[in-house]
């Protein structure tokens, strides 16, 4: 393309999930409810884990960090998507687009590694119970969380380095509700085949390696429990089945979109909903409703803050502050 006749793209047009006005209103209500559930549900987990001393253990420490990542992951694009359902101009600036690419890879990569850390915690608890306290110390948990952020940051910066210096001087329409890296890359004013290869290698190493580690750890846990007791095996499988389902819903779309980006499909933007919205909704449900300790702690927190006497005291404080 002749640079003299080209113009630099300053913004991108996001086509969103659909163009139907009736569906736009439905999607606005639906995703508004889901986003509210994500924020409140994960904040409740963080509050419960930090305030209840009985939950100050490695498993719940990692769960609290997962809830924080889920809130961040749902917030990088969902609020704008919800606002765009009621907007006639669904655009995003170039810097805003780069920011979305940065945050989606940072939080998604962080969650992948964090899920492996949580699986490792369960592996040590079940397969090496006598050494659990020694292995899963507070320092170890902190290091695992730091590693998850470090790995995701390296992954993100390497992905961003492929995109930020690309020349965008022509088409600026992204058929998605956020700036999806494979789609944005194809809008560049040059042959992006080599860059797509680098994206595949980068994303493939992270997603496939973490997914393989997760599956391997689950298999080892199930085999270990099965060798001890068939009844315990059934209980462990019922617990892990829901975790595995969430892992598949999270990793499946990521692997399909980012490890196979050469053919862009309209289905991709709907698959992206799974790891940006549905997984952050399901994680609090899976890790709370199927855990007796968490349910008891959540019930205690809710009763403490929502009991009638507490509410009347709070309303009295509010009224007093206005006088």
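Note: Cβ is positioned from N, Cα and C throughout, glycine not excepted.
As recorded in Swiss-Prot:
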DISULFID  97-189  disulfide bond
CARBOHYD  5  N-linked glycosylation site
TOPO_DOM  1-25  topological domain 'Extracellular'
TOPO_DOM  50-57  topological domain 'Cytoplasmic'
TOPO_DOM  80-100  topological domain 'Extracellular'
TOPO_DOM  121-139  topological domain 'Cytoplasmic'
TOPO_DOM  159-195  topological domain 'Extracellular'
TOPO_DOM  220-235  topological domain 'Cytoplasmic'
TOPO_DOM  259-269  topological domain 'Extracellular'
TOPO_DOM  290-323  topological domain 'Cytoplasmic'
TRANSMEM  26-49  transmembrane segment
TRANSMEM  58-79  transmembrane segment
TRANSMEM  101-120  transmembrane segment
TRANSMEM  140-158  transmembrane segment
TRANSMEM  196-219  transmembrane segment
TRANSMEM  236-258  transmembrane segment
TRANSMEM  270-289  transmembrane segment
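When Cβ distances are compared across the two stretches, the transmembrane segment (270-289) makes no contact with the transmembrane segment (196-219), since fewer than 3 pairs at least 6 residues apart fall below 8 angstroms. DSSP gives residue 189 (disulfide bond) a coil state; it is part of no helix or strand. Taken residue by residue, the topological domain 'Extracellular' (80-100) breaks down under DSSP into 12 helix, 3 strand, 6 coil. Secondary structure counts, DSSP: the topological domain 'Extracellular' (159-195) has 13 helix, 2 strand, 22 coil. Highest Cβ pair count under 8 Å relative to the transmembrane segment (101-120), across stretches 58-79, 140-158, 196-219, 236-258: 140-158.
Here the transmembrane segment (58-79) has long-range neighbours at 31, 35, 38-39, 42-43, 45-46, 49-50, 100, 103-104, 107-108, 110-111, 114-115, 117-118, 121-122, 125, 136, 138, 140-141, 144-145, 148, 177-178, 275-277, 279-280, 283-284, 287, 294, meaning same-chain residues at least 6 beyond its ends whose C-beta is under 8 angstroms from one of its own. On the 0 to 100 pLDDT scale, the model's mean across the topological domain 'Cytoplasmic' (121-139) is 90. Beyond the ends of the topological domain 'Cytoplasmic' (50-57), by six or more residues, the same chain brings 64, 293-294, 297, 300-301 to within a C-beta distance below 8 angstroms of the stretch. For the topological domain 'Extracellular' (159-195), same-chain residues at least 6 beyond its ends with a Cβ under 8 Å from one of its own Cβ atoms are 1, 3, 6-9, 11-17, 76-77, 80-81, 84, 92, 94, 96-98, 100-102, 104-105, 202-203, 257-258, 261, 264, 266, 268-269, 272, 276. Beyond the topological domain 'Cytoplasmic' (121-139), the same-chain residues lying 6 or more positions past its ends with a Cβ under 8 Å from any Cβ of the stretch are 58-59, 61-62, 217, 220-221, 224-225, 236.
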